[in-house]
Each structure stands twice: as structure tokens, then as C-alpha cells.
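Q: Starting off with a structure, shown below.
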Amino acid sequence: MKGGEGDTGEQAPLNPEVDSPAGSATYREFVHRGYLDLMGASQHSLRALSWRRLYLSRAKLKASSRTSALLSGFAMVAMVEVQLENDHEYPPGLLVAFSACTTVLVAVHLFALMVSTCLLPHIEAVSNIHNLNSVHQSPHQRLHRYVELAWGFSTALGTFLFLAEVVLVGWVKFVPIGAPMGKPAPVVPMSQVPPVTVSLSLASNLTPSSASITTSQQPSKACPPRQVCDSAHGPGWQAAMASTAIMVPVGLVFMAFALHFYRSLVAHKTDRHKQELEELSRLQGELQAV
């Protein structure tokens, strides 16, 4: 190959059959034109990316507002409508956990609902304008952290609290059913119990047969209906334990799905950015070679 053949090849038109100068282009002009087209496409893609972020923020705020309104309303109804048995001694930790979980659940979802209510009208107003340059008028870029915080509170933290709320409601509601009133007292001779003079005086007026009937009916109070006296727990405790045993695997599956989903989403975004960087590197190498 001679020395001038390379330059002549670069200056030769890509389409030699076209005789008009406007219809022919050298390789250098072709690469330059491709670079300009890519820069224009990048500007267009940046604008399209801004619109995509706007629509994504709007969708997240809408989803978080609907979810937060539903779950917070359920938590409030659960706290108001739950009926506590006065004659049952609840564990103090159970009532404290139920009250704290309900309060935190309502507070988290109300915060997400407040962010959605404040930001969503401004984003909706900009998205309804049919102008490509109007995307910069939306506050979703500047308040991106609040959008993500509301989305995380509503979908991640709020859902975990809701699962815990369901478990606690089951314990508060079902534990008193069939629960023993207390341990049966040991049998003590009546002669060794001086404080019960009133009951003895009342019992003296009864016939021996009626007194035997009343004494035979007293132990049944310590064992409510639908419960075996020998069992330590009633059917309510078994129902609450069943709901807990079901909800624990559901929570683990939820955590696994959330981690897998966000990991796949991050991997997809990383691959897309990697492909764009490789395209820019290839074009830069072609320009430097020319």
C-alpha cells in the first residue's frame, strides 16, 4: 500500500454512485455526523430520562398514598374495635406491643400520605403540560429523597408493621377465649379458714344437699367451657399461635422477594449504564482513530 492511498481512501465517498457533492460523504464526515447525532440523541435521552423520572415519581406517590390510606385506616379500626376482656389478665408486654405497633404504623403511613398529598399535585400539574421543556418545572428532582422516603415507608416499613399488627391483633383477640381464670386453689379444710365466717353463716342456712351442690359447682369456674381442665392453654391460644406460625414464613418470603427485586432492579440499571458507556467509548475510539 502506498502512502497516499490511506488518505485517498478516507476522502473517497462512501457512495461512489452518487455524483452530487451533497449526496456523498467521506468516512471522517460520516463519523463526525454520527457523533453529532449521538450527542443530539444523548440530549434527547436526558430529556426523556427526566420525563421518565417524573412519571416514576408520580406513580410511586400514587401507590404510596393508596397503600398508606388503606393500611393506616385498618390499624385505626383494629385499635378502636378490638374488645378487651375485663376478667382476663393480659400479659403486660402484649398490650404494650399492640399499642406501640399500632401507633408507629399509623404515624409511618400518615407521613407517607402527607408527602404524597403535598408533592403529587405539583407533579400532576407539570405532567399534564404537553411541552418537553416543562419537566424542569417539577419539584420531583429536588425532592427526590422525600419521594423515596415515602415510598420506602409505605411499602417496606409499613408492610412489615402491618404484618406485625395482624399477629398482635390475633393474640389480643383470641387469647382470652377458653383461657383459665387462674390456677385452682389447694384443698384446705374449712376449720382452718377463719376469714370466711360470712360464707359459713350463709352455708349454715342451706341443707346439706344444696351445700354439696354449690361446692361441686365451684371448681367449674376455674375451667371455662370448651377447654379441657388438664390442658395448659385454651383454643384461643392455639388460634393465635397458628396465625403467628403462618405469618412468620410470610414475612420471610416478603423479605426475600423485596431483596431479590431491588437487587435485580439495580443490576438492570447497572447493565444499561454499562452499555451506554461502552457505546461512548467505542465512538471515542473511532474519532481518535480518524
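A Cβ is built for glycine as well, from the same backbone N, Cα and C atoms used for every other residue.
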Q: Which residue from Ser45, Ser68, Ser209, Ser231 is recorded in Swiss-Prot as phosphoserine?
A: Ser45
Q: Look up Ser24, Ser42, Ser204 in Swiss-Prot and give me whichever carries the note phosphoserine.
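A: Residue annotated phosphoserine in Swiss-Prot: Ser42.
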Q: List, by number or range, the same-chain residues at least 6 past the transmembrane segment (157-177) whose CB is under 8 A from its CB atoms?
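A: Hits for the transmembrane segment (157-177): 67-68, 71, 74-75, 78, 82-85, 88, 90, 94-95, 97-98, 101-102, 104-105, 108-109, 112, 234-237, 239-240, 243-244, 247, 250-251, 254.
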